[in-house]
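Engineer: Feature table excerpt (Swiss-Prot):
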type    : residues                                                       : note
BINDING : Cys13, Cys16, Cys35, Cys38                                     : Zn(2+) binding site
BINDING : Pro122, Thr123, Gly124, Cys125, Gly126, Lys127, Thr128, Tyr129 : ATP binding site
DOMAIN  : 1-54                                                           : domain 'ClpX-type ZB'
Amino acid sequence: MARIGDGGDLLKCSFCGKSQKQVKKLIAGPGVYICDECIDLCNEIIEEELADADDVKLDELPKPAEIRDFLEGYVIGQDTAKRTLAVAVYNHYKRIQAGEKARDSRAEPVELAKSNILMLGPTGCGKTYLAQTLAKMLNVPFAIADATALTEAGYVGEDVENILLKLIQAADYDVKRAETGIIYIDEVDKIARKSENPSITRDVSGEGVQQALLKILEGTQASVPPQGGRKHPHQEFIQIDTTNVLFIVAGAFAGLEKIVSDRVGKRGLGFGAEVHSKAEIDTQDHFAEVMPEDLIKFGLIPEFIGRLPVVASVTNLDKESLVKILSEPKNALVKQYTRLFEMDGVELEFAEDALEAIADQAIHRGTGARGLRAIMEEVLLPVMYDIPSRDDVAKVVVTKETVDDNVLPTIVPRKPSRSERRDKTA
């Protein structure tokens, strides 16, 4: 507590001049004092200056073409999805800036609605990686959540607010920064309604979760338990506004292609009927033709679909794309393993037909790009085990036979140095 100074005078704040009786708290420094009111004022000034510094100016915001080019350096193929995401993300952050300008001006603003994104496509085709790469480019907090772990409030499982806690943690508990972040919700197809018709029994992990997600998708002031878990009345909450949080929800939606083909495939009789063979229907890019009624039939409720106006579809990766994924991106698997071997002083080389064989195995397993690393680990495991203990290896060459026939990679021995040759002849 502040004390009465010598001579009976009350101590005063060195900044505003108020005495210790006029304020709640007076903090002493070397020959100076500051009151709690001045501390609050200084804190507000600093926060405003930091907010102005953190705001991304429109001319600094990457244009859609720049976003797509950045994604091109990391993700092979999926050009339509890249363009869709680039435009949606650019418009989202333009919308945030428009809202900030509207608050500063007195003119009646045109309110811009939020455009969350729904991504459809098979597993291992780059849905999660696209979202992660986007967040890396924009330097915004990014959180990944699994929809299968969620249940509606009051049941065993995670509340939807725990998704927001992951975003706050990704922003180092800076709530203001978290409020302009990106949340990626995976496996959203697993929370589809169990049947097309509403049931009289509760569907707590399906339709119930969709209902619980509606408010945070649209934008609401949510109360988040700081330690996660269930809410209880005696704990403090973190308040976060989700109005400017971009949600990207994604899923494989296995079976949706049949619903689309039933709608798109024209059936009829007579000379004017258009007939498609089963093979033609199977090879059509059905995800590109998805309509809201298809998603409703799949099990998503209309209110949930209405909050996801942007739909981006990814397609199965062919052999050529998988080979490119192995070698071309900035953090390609071949480059990663080459670096690992370099750290042991060994050169690693892949024959072109070896990369094709790895791609063939990934297609055969149905794991897409996600399965490439597992195959590489299987192929390289024996040499990665032996090489650190050896000093006579210069190069390891992986061939088609290594992949297909489970043969050990070719090991090229290191030529002995002059000193080693002299030691042998001595």
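Backbone N, Cα and C define each Cβ position, glycine as well.
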Engineer: List the same-chain residues at least 6 positions away in sequence whose Cβ sits under 8 Å from the Cβ of Cys125 (ATP binding site), in sequence order, or say none.
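Structural biologist: In sequence order, Gln78, Val314, Thr315, Asn316, Leu317, Gly368, Ala369 meet the Cβ cut-off.
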Engineer: Looking at the binding-site residues listed here (Pro122, Gly126, Lys127, Tyr129), whose Cα lies nearest to that of Cys35 (Zn(2+) binding site)?
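Structural biologist: Closest by Cα: Tyr129.
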Engineer: I need the nearest neighbour of Thr123 (ATP binding site) among the binding-site residues Cys13, Cys16, Cys38, using C-alpha distances.
Structural biologist: Cys38
Engineer: Using C-alpha positions only, work out which of the binding-site residues Cys13, Cys16, Cys38 is nearest to Pro122 (ATP binding site).
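Structural biologist: Comparing Cα positions, the candidate nearest Pro122 (ATP binding site) turns out to be Cys38.
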Engineer: Spatially, which candidate from the binding-site residues Gly126, Lys127, Tyr129 is nearest to Cys16 (Zn(2+) binding site), comparing Cα atoms?
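Structural biologist: Of all the candidates listed, Tyr129 is nearest in space.
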Engineer: Other residues with Cβ within 8 Å of the Cβ centroid of Pro122, Thr123, Gly124, Cys125, Gly126, Lys127, Thr128, Tyr129 at the ATP site?
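Structural biologist: For the ATP site, the extra neighbours are Gly121, Val314, Gly368, Ala369, Arg370.
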Engineer: Pick the one among the binding-site residues Cys13, Cys35, Cys38 whose Cβ has the fewest other Cβ atoms within 10 Å in this structure.
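Structural biologist: Relative to the other binding-site residues in Cys13, Cys35, Cys38, Cys38 has the fewest Cβ atoms within 10 Å.
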